[in-house]
Amino acid sequence: MQATSSLLNLLLLSLLAGLDPSKTQISPKEGWQVYSSAQDPDGRCICTVVAPEQNLCSRDAKSRQLRQLLEKVQNMSQSIEVLNLRTQRDFQYVLKMETQMKGLKAKFRQIEDDRKTLMTKHFQELKEKMDELLPLIPVLEQYKTDAKLITQFKEEIRNLSAVLTGIQEEIGAYDYEELHQRVLSLETRLRDCMKKLTCGKLMKITGPITVKTSGTRFGAWMTDPLASEKNNRVWYMDSYTNNKIVREYKSIADFVSGAESRTYNLPFKWAGTNHVVYNGSLYFNKYQSNIIIKYSFDMGRVLAQRSLEYAGFHNVYPYTWGGFSDIDLMADEIGLWAVYATNQNAGNIVISQLNQDTLEVMKSWSTGYPKRSAGESFMICGTLYVTNSHLTGAKVYYSYSTKTSTYEYTDIPFHNQYFHISMLDYNARDRALYAWNNGHQVLFNVTLFHIIKTEDDT
């Protein structure tokens, strides 16, 4: 068992370990190559390659030197498996690196289509992206267990930045085919590594990252955790009452720029901000009732509705901030859930697992935590995590495992940057918490304590 940490550690350290800065000479007459990875604020993965200058033939000695260096980098993959067992992983960074790789491939295609007009500014862009690695060093230091690897990483980053500074004025030719294959190889390895991560226990919350500032003080925004990798639609529901309009955006980028792709006029008003999109449908609490609605975005109609028996509604058992937040619908790696309170359980939180098609309650757990004392809550791997407030100083204070039917008190703080949280939901695909923070749409990273699967596991 290991604590989750950034897979970025794994990738960068194994790549950098094969580079000897003392042997990397900056010369317009020599062929050489540098690989690096970074993430930009939008979560895209950036890889950097410097190849020989344009007047060198692909079959001369300089080209062979480049290919030998490529083979050397590829041979480092064996060390990835060793470090994979020793280092901690942070799943959020992996997701960001995947997005960045997609942006990188688009950049390479742009360069290939416009070789003749390739200017010095491209090297400046590469230099700036490499510099973005430097702020990651404190994050890596926090999670690393091997101090020697950290020291080596910091030194290599400085050396690579210096090399890029010298290369900035040179314009070379890219071996696009080899570069493209390398990107595909890196992406495959990252996906294989992600598949080894299973459910884990929440250990830490970091952030937030402010994605956008919009809407009223209360609202909800979300993506579908079961959507395909190419489907990154965002749904936006402003306010906690007196509204039926859901706005859809094709991507996070469109959401940030305000480019709506579609709007939906729901047949009923919703109550609260605790909605969830799951497998292409929106699940929400019908206003002034304990009825749950399943609405299909593709079909544009209600597929199911069912009363949540005994559940309090209309500010009978809300979260600490009110807002008709009595019934909280959420999803995790296991499925669809409803969190609410009943008179029968003395106003304490009840957790129910729902059938996503019929909305029937498959099983329920009664906790001893008062719903009115909870700021917000979210499910991760079948465990409910409850915050003690929606204001400054809030922290995850209580957890209840549906697997063992046991609870524990926790102390996991997080930064309530804009002082008032009215929505906090976990997305299993992104391994992140989506939050509505006083008119700001933000993301929190989560660190989980994982079991790493191996090929021998059954």
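Yeah, the Cβs are placed from backbone N, Cα and C, and that goes for glycine too.
Just so you know, TrEMBL annotations never went through curation; they're auto-generated.
Of the listed cysteines (C45, C381), only C381 is recorded by TrEMBL as the disulfide partner of C199.
As stated in TrEMBL, the feature coiled coil covers range 150-196 out of the listed 150-196, 385-431. In sequence order, C199, G200, K201, D332, E333, I334, L448 are the residues of the chain that are 6 or more apart from C381 (disulfide bond) and have a CB within less than 8 Å of its CB.
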